[in-house]
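Asks: Annotations per Swiss-Prot:
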{"type": "BINDING", "residues": "Phe13, Lys14, Gly15, Gly16, Thr17, Gly18, Lys19, Thr20", "note": "ATP binding site"}
Amino acid sequence: MEYTLQTLVFCSFKGGTGKTTLSLNVGCNLAQFLGKRVLLIDLDPQSNLSSGLGASIEGNHKGLHEVMCASNDLKSIICKTKKTGVDIIPASFLSEQFREFSTNGIPSSNLRLFLDEYCSPLYDVCIVDTPPSLGGLTKEAFIAGDKLIVCLIPEPFSILGLQKIREFLISIGKPEEEHILGVALSFWDDRSSTNQTYIDIIESIYENKIFSTKIRRDISLSRSLLKEDSVINVYPTSRAATDILNLTHEISALLNSKHKQDFSQRTL
């Protein structure tokens, strides 16, 4: 039997781009509205994705990074969440140590092997939330991922990181044309006079990769995280709930078209 797990890596070059918020909400929406079995993996040492679903690791409980370094059973650290159809591998308090190890000779294929061998039969979509940097943890995620979603905000320093992500992908042998699913823009203000300038800069680097749906600035996003739930469950009529649901459908449609294209190429 052929399984069709699709691994999405949410990434950014700097913090404050809405990366973790999108990882959480898109994952929950895929399960709730599209019936997908979703695994979230928190690779960010800040552990915000884990906290946002009430799944923070406490005490001496092992996390992803310790298990990978020790070559232990990764499935033992998958946790259920209160969201139907959504499981999570929480971040670990030893994330910083793993980040150091992973740049000094630790093989960068463990996560990919884990996804292929164990997760493929159990999940339809895996979403990996990466650190806002291009270190060892991000490299591990990029190698393991099928598609990348680059998270940006319409500000100069956020946009400047695009070229670095492109160079990073090339350095690990993953051309951006094949591996970037799209660019997601958050904290969007339709009234801003600089919108087109930022759009033009992004298009000059990643042509035709910007998602049609922009996530508008909305306080309900941070408020929903405090309640450890998705924004559409807590504030269903908010513009953030509408925007992220639309983005979820856009992502799903692209994944389906990419999967059909890949399958047809394999059968030629």
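Glycine too: its Cβ is placed from the backbone N, Cα and C atoms.
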Asks: Long-range same-chain neighbours of Gly15 (ATP binding site), Cβ under 8 Å, sequence gap at least 6?
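Replies: Long-range Cβ contacts: Pro132.
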Asks: Work through the binding-site residues one by one (Gly16, Gly18) and point out the residue whose CB has the fewest other CB atoms within 10 angstroms.
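Replies: With the binding-site residues Gly16, Gly18, fewest surrounding Cβ atoms within 10 Å: Gly16.
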Asks: Including all protein chains shown, what's the count of other C-beta atoms within 10 A of the C-beta of Thr17 (ATP binding site)?
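Replies: Excluding its own Cβ, the number within 10 Å is 24.
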Asks: Within 8 Å of the centroid of the Cβ atoms of Phe13, Lys14, Gly15, Gly16, Thr17, Gly18, Lys19, Thr20, which other residues of that chain place their own Cβ, given that this set defines the recorded ATP site?
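Replies: Close Cβ neighbours, site residues excluded: Ser12, Pro132, Cys151, Ile153, Ser158.
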Asks: What is the Cβ neighbour count of Lys19 (ATP binding site) at a 10 Å cut-off, with all protein chains included?
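Replies: Taking all protein chains shown, Lys19 (ATP binding site) has 27 Cβ neighbours within 10 Å.
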Asks: May I ask you to report the DSSP-based helix, strand or coil state of Gly15 (ATP binding site)?
Replies: coil
Asks: Phe13 (ATP binding site) has how many other Cβ neighbours within 10 Å of its own Cβ?
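Replies: Phe13 (ATP binding site) is surrounded by 22 other Cβ atoms within 10 Å.
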Asks: Relative to the Cβ position of Lys14 (ATP binding site), how many further Cβ atoms are located within 10 Å?
Replies: 17
